[in-house]
Amino acid sequence: MMSPNFHLSLAPLLCLLFLSPPSYSTSLSHFDEDIPLSQPLLSLFRPPPYKNNTSCIPITTSGTKNGWKEEILQMAKREEAVKWVKEVRRSIHENPELAYEEIKTSQLVRDQLDEIGVGYRYPLARTGVVATIGTGRPPIVALRADMDALPIQELVEWKYKSKVEGKMHACGHDAHVAMLLGAARILKTREKLLKGTVKLLFQPAEEAGIGAKRMIEDGALEGVEAIFAAHVSSQEQSSIIGSRPGPLLAGCGFFKAVIQVANPDSTKAGTILAASTVVSSLQNLVSREADPLDSQVVSVGMINATDQHGLLPDEVVLGGTFRAFSNNSFYQLHQRIEEVIVAQSRVYGCKASVDFFEDESFYPPTVNDKLMYEHVKNVVVDLLGPENYNEAPPVMGSEDFTFYSQVLPSAFFYIGVRNESAGSIHQGHSPYFMIDEGVLPVGAAVHAAIAERKLTNFSRHI
């Protein structure tokens, strides 16, 4: 997820605007480091042949009206299951891979699906995987986990620290994959109770590259009627689930403007004057044009106006970011930013072009469908109790899950990982980011329950 404070960090913004990959420039002793990795989970070799092995969780299932709650939680919290899901998360954490480079992570996912006995389709969006559990027939619901890491040097000193220089799972995607694989184990065991089909989407490139859009283009949502996803959050206490109906995450876009002298015979000073006026005018867009009750942000974070001879420049390059909570406001800002840059440049005898990186880092707002949100809330309250659910406030972070929500009823929710005693207090995209691993089995259970109960609800209306 794009950090809500990302627009305040100039280094990654400068790199993005010049069309190069972004670069981001404590000791914990509480983790159960006595749990060794029984075997390497990441392999460069092909996965073993498909195996229909569901004996990994030998628990009988009653299928009674209310028995699902106890059964799902029991499966998730068994000692063997807890150990396994931690091993998976730690192996991914040690081997972070950036957008569209998730080769080993994708291999791990497929290896584990083979072990569980779950069929899948691969590749989608280069490294993505879509697994299928259930009847193979409608209704179909989907759960999604993102797989990519960030170009950040990990500064947390612990046994399973990133082994890759300058790369880190600083946004919890390692936990997302582990929890969704945990849900796969539960759902496979309960497959005969499913009233339809569950698709599990292991998606690349959430942080950069709009992986969700590529997954959709490759057919990941074929036949799907609803989709759900979670994100770990250091704002919520461990194992607390949070969400809200309607706008949850802001839309986020970037822009790069190139202002040039329109007429070679005119004074080059026009580029400096034009850029100065553009910056002032852009900063006024929100204060002068936006509804004060509709949160929006426009920030200019970079200006480059140097000339190789130290004279007045032929061109000025500037760039920044913008955010908004509603689709109308987001696309209105997009339009007005371009209009202001082009018009103000023309006043000073200049021409301007604007690039919004719409194929790389352009995320409309994430808006929860009311009925899907209610479903998540009801399942969480039934499964974990009302004390473990919070209505979360909207935040300025952004997510490419929005592309799923634009085509299907959907809900996005948080899983709290904040635990002061575990050192899990830092926000995502921090080099000190760490999660409370105790939430992993809870997350697996919540994912599985949301999918299973949604299929049951669908079948009641057929």
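Cβ atoms are placed via backbone N, Cα and C, with glycine included.
Listed in TrEMBL for this protein:
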SIGNAL    1-25  signal peptide
BINDING   CYS171, GLU207, HIS231, HIS429  Mn(2+) 2 binding site
BINDING   HIS173  Mn(2+) 1 binding site
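Looking at HIS429 (Mn(2+) 2 binding site) and HIS173 (Mn(2+) 1 binding site), their Cα atoms lie 11 Å from each other.
Using a 10 Å Cβ-Cβ cutoff, GLU207 (Mn(2+) 2 binding site) registers 25 neighbours. For the binding-site residues HIS173, HIS231, HIS429, the greatest number of Cβ atoms within 10 Å around a candidate Cβ is found at HIS173. For the pair HIS173 (Mn(2+) 1 binding site) and HIS231 (Mn(2+) 2 binding site), the C-alpha distance works out to 8 angstrom.
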